[in-house]
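Working notes, beginning with the structure itself.
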Amino acid sequence: MKKLQKPFLIFCVSLGAVIGAVVAYLNPAENPLIGFFSAFLLSGLSLYALGWLWHKLGGSRVLAWTVFLAFLLRLSIGIFLFIALPVLGYDEDPTNAGYLYLDAYRRDGDAWRLAKSGEPLGMAFQEEFATDQYGGLLSLSAAVYRVFSPDGHRPLLILILTSFAAAAGLPFLWQVVRKRWGERTANVVAWLYALYPESIILGASQMREPMLIGLSAIAAWGVGKWKDNKTRSALALGISFLLMLFFSFKAAGAILAAMAVWFWLENIQPKAGKNLRIAGYLLMVVGLLAGLYFSWSWLVDSSKWDLYLMESSSGRIQWEVTLISDLLRVPFIIGYGIAQPVLPAAIIYPGIAINRAIAVFRSLGWYLLAPLLITGFLLVWKEKNKQNKALLLFFMIAAVVWTLISSARAGGDQWDNPRYRSIFLIWMLIPAAWAYVTTLEKRSPWLWRLLLLEFIYIGFFIQWYLSRYYGMFKRMNFWPMVRLLGGIGFAIIFGGLAYDWARKKIREKHG
């Protein structure tokens, strides 16, 4: 880094000046120079901080590409959406103001009102500002506006922070994955982290999820590096969790529970005696039951309301629900939520072009990540390293449980489901990256079989949606089609298992 220090400083200053000029042009307010220097300072410092983290935590070429791409991709897409949504989006207040999320529009507006009111920033944590139930992001945004943008509302400044928060976690995650699974898996994790569509869209918006994802990656580093440096690990864990509480204490509680299990499997369980292991597993069970006890009523009440909204907002959902028993009603809507954003619907739905493009982009990420997770579950049983196997299984279980909770909480909503799900993104990316690398190394056919199955499913539903929206082709009834697809899935999966078993026997016979 010493040899590259001067060129890198020039890079930070130059790119920071470009970003400052863009912000000053798009958010001029009363004094464009304030906008320029504020954006220049925030973006220049963000770039330098990312470079410093890259140097300290890895220094590899792949890490450099992914870290800076993660930051610049989120910021540039956020700026593009700020320009394009008022012109190309729906004629609604949030999109006319350049916001993709209604929550971001309301919260950011309140942040600007708080900033110019002169009231203490602690007001963000009071009921008067209901747009942020936790108050953390609202108060941070208000502080940024009060210090860096006193002459006018500049939403693009907050995008610099969300883009930086997401990118800053990447070097931490890369290093801890490299330590346990090797550099090849770490590089795949880095690319997935930088390019995962839902994370990009969230980082390109004034949302809290980029903060939580980045802080989760830092906490993961604290868990993975505990044996090497307990002091630094404790600081990373403590600071990251305190900041998570600032943004969302409910999400912080779930992440803390998952990190605690990770810490146990990584640092305590391998050397623990029988009694300590039993005590540890009992403590996990008690913690799980306690979490369910204290959160169950909130989850059930909020889920009932969201499920009701989902049914009442979609005549098609109402109709399909009437064709199944009451016992299957909730599982059906939860399953529908897990599929969100639905790729065939995103492709075919007759909406505005920019919204359709965003929907397809978000859908592609999930529809590529899910087969990797399933592949990981199928391959992990052959993992010879017991600790690696335990960690990967836990990551997949945590991802599945959180996905179910997110779907129950969001009730099938195409925006909230992926947003809530993304909070546990690192628990999804690690087994997904491991599955991809293992597929290539072991020449496993399972990922390709699952992608074939998914391709068939998508093809059927594209035909179904074409018939529904445009009257093209004859449409098969929904539930008979689901049963047919279930049969195709059964044939591909169990046919693959039978083929692998027969191939193994033939090899043993001739070996």
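These residue numbers are counts, starting from 1, taken along the chain as shown.
Backbone N, Cα and C atoms are what each Cβ position is placed from, and that goes for glycine too.
As annotated by TrEMBL, transmembrane segment applies to 34-55, 62-85, 156-174, 235-265, 277-300, 333-352, 364-381, 390-408, 420-439, 446-466, 478-499.
Looking at 156-174, 333-352, 420-439, 446-466, 478-499, the range that has the most CB pairs within less than 8 A of the transmembrane segment (390-408) turns out to be 420-439.
Scored on C-beta pairs under 8 angstroms, the neighbour of the transmembrane segment (34-55) with the top count among 62-85, 364-381, 478-499 is 62-85. Remote same-chain partners of the transmembrane segment (62-85), defined as residues 6 or more beyond its termini with a Cβ less than 8 Å from a stretch Cβ, comprise 19, 22, 26, 43, 46-47, 50, 53-54, 95-96, 98-100, 155-156, 159-160, 162-164, 166-167, 170-171, 174, 187, 190-191, 193-195, 200-201, 203-205, 210, 354. Within the chain carrying the transmembrane segment (156-174), a Cβ under 8 angstroms from the stretch's Cβ atoms is held by residues 19, 22-23, 26-27, 38-39, 42-43, 46, 49-50, 53-54, 56-58, 63, 66-68, 70-72, 74-75, 78-79, 82, 108, 111, 140-141, 144-145, 148-149, 186-187, 189-190, 193-194, 199, 202-207, 210-211, 213-218, 220-221, 236, 426, 429, all 6 or more beyond its ends.
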